[in-house]
Amino acid sequence: MNLLLAEVAQATQRLADAGVPSPRFDAEELAAYVHGVKRGELHNLPDADFDARYWEAVARREAREPLQHITGRAFFRYLELQVGPGVFVPRPETESVVGWAIDALRAMDVAEPLVVDLCTGSGAIALALAQEVPRSTVHAVELDEGALEWARRNTEGSRVVLHQGNALTALPHLDGQVDLVISNPPYIPLEEWEYVAPEARDHDPQMALFSGQDGLDTIRGLERTAGRLLRPGGVVVVEHADTQGGQVPWIFNEEAGWTDAADHRDLNNRPRFTTARKATP
Ligand SMILES: C[S@@+](CC[C@H](N)C(=O)[O-])C[C@H]1O[C@@H](n2cnc3c(N)ncnc32)[C@H](O)[C@@H]1O
């Protein structure tokens, strides 16, 4: 084992002792970041390249600062996004939510799909859709000025149209025209505050996490926004907590003008998102 890999092994142990959920991955990712290489290239680095900045980064991660705040970047599908304090770090489980939306858009017989991402945060979902669905127009809405600054940086030069505003009242000029509405909104119940991982609780903005006593306040509001924005036959895709798979599909019920409400699991086989179709009259 070369010196660098021995240091990575030592860092892995320190992170594991601190309760970091993926200690080896994070130790390697920090080493790769400090040395300006990809994780798979660590084996090729000469011993002499080892750097004290690595241990500073490890100490920050040990204190449960999010990995992505230390490196300043988050990977999401085919994107590398800029993230840091003030914006929610995009999560891997949201990638499967976007995957479902991409398949749904491809299955629609629409030449130039119109898409809305509500609660866009860093812009991750909107950017992935714009990148992977050619000829789509993607509008993204975010309320929080701090998050919006990151979204502006990330969407600069892209086809995403960014709006500051409340997702619950957003984009009235698009009413009845949108093919797909997608959202990863805040959904953690307020009472679960103490169970939230320190990376999220202490570093993600509160507005990105919590939404009322049962966590569903924003999703209830989004149901009305999606119902207003979608054309008949358009679809909505909403992420939720893995404990909410029994509740969220009921919000998109037939009395409110929805069909085909269904819940879906993520790659870890946990309930993760609800989809529904706006009924045709
Ligand atoms: C869980 S984060 C998700 C961010 C991003 N969509 C992602 O998946 O990485 C939720 C985001 O919704 C924003 N938000 C919360 N309430 C909102 C509202 N009423 N209108 C617009 N944005 C809102 C928060 O500021 C935060 O950026």
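Backbone N, Cα and C define each Cβ position, glycine as well.
Annotated S-adenosyl-L-methionine binding site per TrEMBL: E142, N184, in sequence order. Per TrEMBL, the feature substrate binding site maps to N184, P185, P186, Y187. What TrEMBL lists as domain 'Release factor glutamine methyltransferase N-terminal' is 9-72. If you look up TrEMBL, you'll see 115-200 marked as domain 'Methyltransferase'.
The most densely surrounded of the binding-site residues E142, N184, P185, P186, Y187, judged by C-beta neighbours within 10 angstroms, is E142. In terms of DSSP helix, strand and coil, the domain 'Methyltransferase' (115-200) has 32 helix, 22 strand, 32 coil. The two recorded residues, P186 (substrate binding site) and E142 (S-adenosyl-L-methionine binding site), show a Cα separation of 12 Å.
Surrounding the centroid of the Cβ atoms of N184, P185, P186, Y187, where the record places substrate, the chain contributes additional residues within 8 Å, namely C119, S183, A208, S211, T218, I219, V238, E239, H240. Cα-Cα distance from P185 (substrate binding site) to E142 (S-adenosyl-L-methionine binding site): 10 Å (rounded to the nearest whole number). Averaged across the domain 'Methyltransferase' (115-200), pLDDT for the predicted model comes to 97. Across the domain 'Release factor glutamine methyltransferase N-terminal' (9-72), DSSP helix (H, G, I), strand (E, B) and coil residues number 46 helix, 0 strand, 18 coil.
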